[in-house]
Amino acid sequence: AAVPSKAQLPRSLAGVGGRSSEAFPTPGTVGKAVATGGGEDVKEGRTHASVHGVKNGDSYLLWELKKVSTDSSWVTNEYAEAQLHDIVRRMRARTEAYKEKLTDALLSSPEASPTACKSLQFSIAKLEEDHYCDLWCYKFKRPALKKYLKIIRLPESIDAYTDHYYVVWLLLVTIAYNWNCWFIPLRCMFPVQTSSNLFYWIIIDILCDICYLCDLLIFQPRKQFVKGGDIIVSKIEMKEFYQKSLKFRFDLASVIPFDVLYVFFGFNPMFRANRVLKHNTFFEFNDRLEAILDKAYIYRVIRTTGYLLFILHINACLYYWASDYEGIGSTKWVYDGKGNMYLKCYYWAVRSLITIGGLPEPQNLFEIIFQLLNYFLGVFVFSSLIGQMRDVIGAATAGHNYYRSCMDNTISYMNTYTIPKMVQNRVRNWYEYTWDSQGMLDESELLEQMPAKMQLAIAIDVNFAILNKVDLFKGCDTQMIYDVLLRLKSIVYLPGDFVCKKGEIGREMYIIKQGEVHVLGGPDSTKILVTLKAGAVFGEISLLAAGGGNRRTANVVAHGFANLFILDKKSLHEILVHYPDSKRILMKKGRVLLKEKGKTTDGPNQQARGLASLFGPKPQTPKLFRALLGNSSKGGIGMLLKLKIKQANQRRQKEKREIQITKEKKPKAEAEPQTPSEQKEEPLANSQPLPNSGLHRGITNKSLIVTMSPSTTAGEGEILTVEVKEKKQE
């Protein structure tokens, strides 16, 4: 089919491709936010499309493809028809999206944000196109340099003491430094650098130089430093500080490119000898690595062994140089040229430097001087390295040696005084368990060397969670709890040891850190009342009890090996002086705990002396009687009883006086003879009543006084005194 030109198309259709102004109505002319796509009427050869859309939420984009004449003068292009179908399909999808947008306001707009200008779009597209690379027949995208730097994320400043990434970088520089230290002498003395492998040597040298340059230009100028107690993180000040240091001068000297002299003198590795001046970075890596390792002594042993191997390596290189100077195989002393030249020379260096002996005797003056210098150097270096190795191993085992020394001294002391074997075995068990569980005998000795702030930080991380569970300290000042943490002492109890016994004076509170304890009770104190596990607390009432109320009420025995924290009463009182609010809270809680446990005093029931042994333990006075009796003898029932007794005495005296007056007024009757029965009854009437074992109601002129007084001897309780007194006649 013939393709019609743009001039042959209707004006409305030409506006679709040419963006005619007639195809785009002004904003507001269309009031519907709906897009409808008309179908195609292929049967009549007509195409209708009517599209209404939304642009930016306020103006509408309208393409209206009007009737296309089916005149026989031209035929519709298939490509144009396919494009129209695609437009209709996309506009329908857009209509559905806007319908969802209208029904659900949370959906985001499907349209992309409008671009600022065409030129910006073109520049971005071109920039992205520039990062595409062609490799053979495949085109791939290469990220920009800024993206690489963003991935690396170089910090503005580096903390050399805490940044582990910096330690990794120092490891790379150390590897490059060791390459130069080991292989520059090897390449200078041994004929290992040839024209066939020269390319590989140069490549590795370039990589090492790149590490040196990156460390000089990027990492070292970013290191933080301390000035007047302040940590300096300014770029300019860090750079100036590094440039003024001696390390910068060595680093700068180590990267001077003497390699350019290869052009004039050939590839001589001696021109790279300045690379060994990077030794400061090597020692810095050792310090940083030892600081982060848990067992730094292992690395120290490896490093000292490396020093010994390096000195033997240098000695082997010198021996091959001397053999080459004298002539390979010219004498019995020099290298004979057979076998692996490096291994043969290294074997000679080991036997010579460590003075093993059994080597061929030097033949001439040069060989004698060389051998003498080698012996002197070997004695000095080997003895120094052996001493350093001894110090490293001694420092690693210093704690264990101290433990063995203490244990041996204790056993020797017990043997001197013939301590029973059972006690000695328990002492040995305590030493072994304490060392195995915490790696030291007394951890407080280690913490005492630190400042108080660091001790507090460690104590908070280790023990705060345990102490915070104690109900006694809930609601107290946090700083007071921190002070208590510093006063806690750790102690280990063996299986069967009594933590505290019934009747003892309680001066400590116990917190179980590890293990279990049994609380014993019953008639013979062998019944297990309760088992306390890790995190439990007991003995807290003894810290706050006053007036003799701090005696233990039960036996507490360690079930197995138990590690406990102890807080003594003296330390707590010294702390509470500075925290009066917390002191009031603790005292209130102490009274509540005493009341809940029915403990007015913690003292045991001691055996009474004298008449007090006839009575049982004194029961507690009921609350109602205490309220009626009052606090003193001047009120309550006591006062009422006294008044009653007084009134009864007055009434009896009054009756006696009346009877006496009546007898005086009455005339005396004549004496009449009495019958024998009356004579028999009269003595009985005048006689005193016989005493009875029971109690009789009546009034007597004697009173019984019972008093309780404290004993003059400490620990004997109170003394019961009973006195009988006669009342005075009024």
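Placed from the backbone N, Cα and C atoms, the Cβ positions cover glycine too.
Where the annotation comes from TrEMBL, it is an automatic prediction and has not been curated.
Feature annotations, courtesy of TrEMBL:
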- 1-32: region 'Disordered' (REGION)
- 166-186: transmembrane segment (TRANSMEM)
- 198-219: transmembrane segment (TRANSMEM)
- 252-271: transmembrane segment (TRANSMEM)
- 305-322: transmembrane segment (TRANSMEM)
- 368-386: transmembrane segment (TRANSMEM)
- 472-584: domain 'Cyclic nucleotide-binding' (DOMAIN)
- 596-618: region 'Disordered' (REGION)
- 648-730: region 'Disordered' (REGION)
- 655-671: compositional bias 'Basic and acidic residues' (COMPBIAS)
- 700-714: compositional bias 'Polar residues' (COMPBIAS)
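Away from its own ends, the transmembrane segment (305-322) comes close to residues 181-182, 185-186, 188-190, 334-335, 341-342, 345-346, 348-350, 352-353, 366-367, 370, 374, 377-378, 381-382, 385, 389 of its chain (Cβ-Cβ under 8 Å, at least six residues beyond either end). Counting residue by residue with DSSP, the domain 'Cyclic nucleotide-binding' (472-584) contains 29 helix, 41 strand, 43 coil.
Scored on C-beta pairs under 8 angstroms, the neighbour of the transmembrane segment (198-219) with the top count among 166-186, 252-271, 368-386 is 166-186. Here the domain 'Cyclic nucleotide-binding' (472-584) returns a mean pLDDT of 83 for the predicted model. Non-local neighbours of the transmembrane segment (166-186) in the same chain are 158-160, 192, 204, 207-208, 211-212, 215, 219, 269-270, 272-273, 275-276, 278-279, 281-282, 284-285, 288-289, 292, 310, 313-314, 317, 342; each lies 6+ residues outside the stretch with a CB under 8 Å from one of its CB atoms.
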